[in-house]
Amino acid sequence: MKMLMRPKERILHSFHTCLKILQTLKTIPLRTLISGGALLLVTFLLISKVFFKTKEDVPVIKIPRVEVISSTAQITKPLLNLSAETKANALTTLRAEIAGKVTEILVDKGKEVNKGQALLKIVDNDRVARLAQAQAAVNHRLAEYNSATKLKTKNFVAENSFLQAKANLEAANAELAHAQYEHEQLTVSSPIQGYYQDRIVEVGDYVSVGDKLATIADLSILTLNVYVSENDIASIKIGQTAKVCIDTFKAQLEAKVTYISKVADPKTHTYLVELTMDNKNLLLPEGLTAKVSLEKDAQTVHILNASVLILDDQGVVGLMIVDADNKAVFRPVELLQATAEKIYVKGLPDTAVVISTGAEFVKNNHVVEPIHSKALS
């Protein structure tokens, strides 16, 4: 690297150089000199070098060029993008209400079933016999009651005897109703419309009271559960519409917010938000990954390219803007939304000149030369 001399050093250096040249000229005969003016010319040139700097002597400070865009804040509703899984609106497990042997499977697993449709049958000979006995008891008590009624009209029977016959008939009817209920439980039916999701028993299996028999999934309405941060939960409202994207089926759908938890998860400090989505055509199964987009409250933001974001020495997210004095200034920003093409940020003036290219090569409060380019539309 070429070292620059201080003014005093240049004068001494040039003075010594002049002495050497003069000593050399004394040894040269006068006839070899064209004229004495040559000596004066050489001396003048040497002295002028001392007092007049060349371009090489003057250090050049290069101002860095940066590409910038002019950005104006605008009012918009940023989107809160979350992930969820489709879940059945109802998942009902059928259990045996009586003990017995499975004798018949009436519906194959995976088939759609209607409310009240029979799924399987259980046999229990004791309950069949009880139903017959109860029916016979009712017939007997009914005959007694009818006879007591005729006799009562002719005053041939005491009032107490008539009332006893009536009570016996009512008791017999109650026993019959109970026997009929137990007999009906031998045929297991679906309590809801849905899909015969799981068949847990097979023909010949013996089941006890409370054993699982089958699972029915109601997919006419799907549920989506998302978790919202404490910073965004205030923007979510019951009844709010959300956009739902399911890539597997290339489906663009809508869902409604039906529940917002009032208690945050103690570990994540997020709130459960439940949405429901119509699926009456039963196109969508349970367990699909869905992208849920909810609108937040309207805010004043700058919409920029994601490449403008940088980190300062403390790891703070922000970007560089150019102020009125053409100085690069770091501004921390709050990232409200990010897509593949755009970011929505807060923390800038209403109008700002944002460094789009070269921000990582300039220092805070250093002068730059801004070159304007087209803003993101």
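Using the three backbone atoms N, Cα and C, a Cβ is placed for every residue, glycine included.
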TrEMBL annotation of coiled coil - which of the ranges 78-105, 162-189, 218-245, 330-357 it falls on: 162-189
Mean predicted confidence [pLDDT] for the domain 'CusB-like beta-barrel' (224-296): 94
Secondary structure content of the domain 'Multidrug resistance protein MdtA-like barrel-sandwich hybrid' (93-216), with strand meaning DSSP E or B: 55 helix, 33 strand, 36 coil
